[in-house]
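Student: OK, Swiss-Prot features for this one:
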type	residues	note
ACT_SITE	Tyr161	active site, proton acceptor
BINDING	Lys165	NAD(+) binding site
MOD_RES	Met1	N-acetylmethionine
MOTIF	359-362	motif 'Prevents secretion from ER'
TRANSMEM	287-307	transmembrane segment
Amino acid sequence: MEQAVHGESKRGQVTGTHLTNDISKAKKCTVIGGSGFLGQHMVEQLLERGYTVNVFDIHQGFDNPRVQFFIGDLCNQQDLYPALKGVSTVFHCASPPPYSNNKELFYRVNFIGTKTVIETCREAGVQKLILTSSASVVFEGVDIKNGTEDLPYAMKPIDYYTETKILQERAVLDANDPKKNFLTAAIRPHGIFGPRDPQLVPILIDAARKGKMKFMIGNGENLVDFTFVENVVHGHILAAEHLSQDAALGGKAFHITNDEPIPFWTFLSRILTGLNYEAPKYHIPYWMAYYLAFLLSLLVMVVSPLIQIQPTFTPIRVALAGTFHYYSCEKAKKLFGYRPLVTMDEAVERTVQSFHHLRKDK
């Protein structure tokens with residue numbers, strides 16, 4: 001009774017407090033996986049745009065006094081809840097690296113962990129959940145030219161990573177519930193690269209140092225999307241900000257790329273030559289490369305009871321290097337005004353400059 005009386009006498013003051021809390025909460029977010037490559041760039045852009053940022057991850061990847069870190073297991077709701085309580089938006093970009101080839105780990109983190117994220121968001125009163133998905137959820141190793149979000153999920157995903165990203169994306173989009181003020185969206189980037197990239201550039205340079213970048217698969221004309229990391233982050237933030245204004249965006253996936261498809265081998269060559277390595281000069285017909293990779297995969301299956309081999313030359317890697325796969329951003333442009341912030345030329349230049357420690361001496 002006393003509470004009711006006090007609430008009645010201070011109604012204006014309490015309402016004002018709620019408004020202040022709502023305004024401050026709207027600019028407070030948590031980045032799950034914020035210690036990773038994409039996550040760190042996301043934290044930086046969010047801070048620049050005036051957000052208060054929490055990071056949840058299995059380890060603290062950097063120091064920043066403006067960021068509150070929460071360390072824990074993504075699948076443990078007790079670990080996760082403190083990082084999500086009191087925030088309006090959650091950006092979920094945590095995932096094992098695609099090349100890890102650990103099916104159980106992918107399933108646990110990408111699917112089970114994401115279900116835990118959804119449940120915890122609801123418990124904590126989070127209003128928006130933006131997932132980092134992947135354009136590969138629709139790719140099956142055959143050409144995709146200017147693919148839209150209407151393409152069906154891959155019936156035969158190219159790897160365990162993609163298989164679990166499909167499960168993850170479906171779970172997040174199905175969780176969209178405007179009636180309960182919980183809105184979700186998925187961002188599908190493709191070929192993320194940029195400063196501090198732990199995968200594409202280091203792996204490419206390592207292959208070049210070992211003499212494995214002398215050949216290109218196919219005629220070198222197949223167009224592919226590579227996306228600068230800052231453009232990927234920009235797409236996430238735009239989606240979140242427009243999701244609060246237009247609930248009709250909820251429950252949808254959006255392709256986010258540089259909107260400049262580039263021949264696969266041209267892109268790799270620009271990185272290589274920018275760091276003083278030779279670009280591939282010789283062509284292997286696509287059909288021949290695929291056939292050889294297929295035979296190798298059969299050999300690996302035959303000897304697998306005796307010896308475990310992880311071949312790097314696989315049919316799906318041949319397909320990734322030799323097919324067209326680029327995607328339309330028209331949906332993101334139309335619904336939340338996405339435009340790449342950084343052009344491909346500038347993105348490649350900045351990326352090469354950031355990896356000066358990998359440069360080959362002339």
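Backbone N, Cα and C define each Cβ position, glycine as well.
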Student: What counts of helix, strand and coil residues does DSSP assign across the motif 'Prevents secretion from ER' (359-362)?
Tutor: 0 helix, 0 strand, 4 coil
Student: Select one residue from Tyr161, Lys165: among these recorded positions, choose the one with the most other Cβ atoms within 10 Å of its Cβ.
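Tutor: Selected residue: Lys165.
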Student: What is the average pLDDT across the motif 'Prevents secretion from ER' (359-362)?
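Tutor: Within the motif 'Prevents secretion from ER' (359-362), the model's average pLDDT equals 84.
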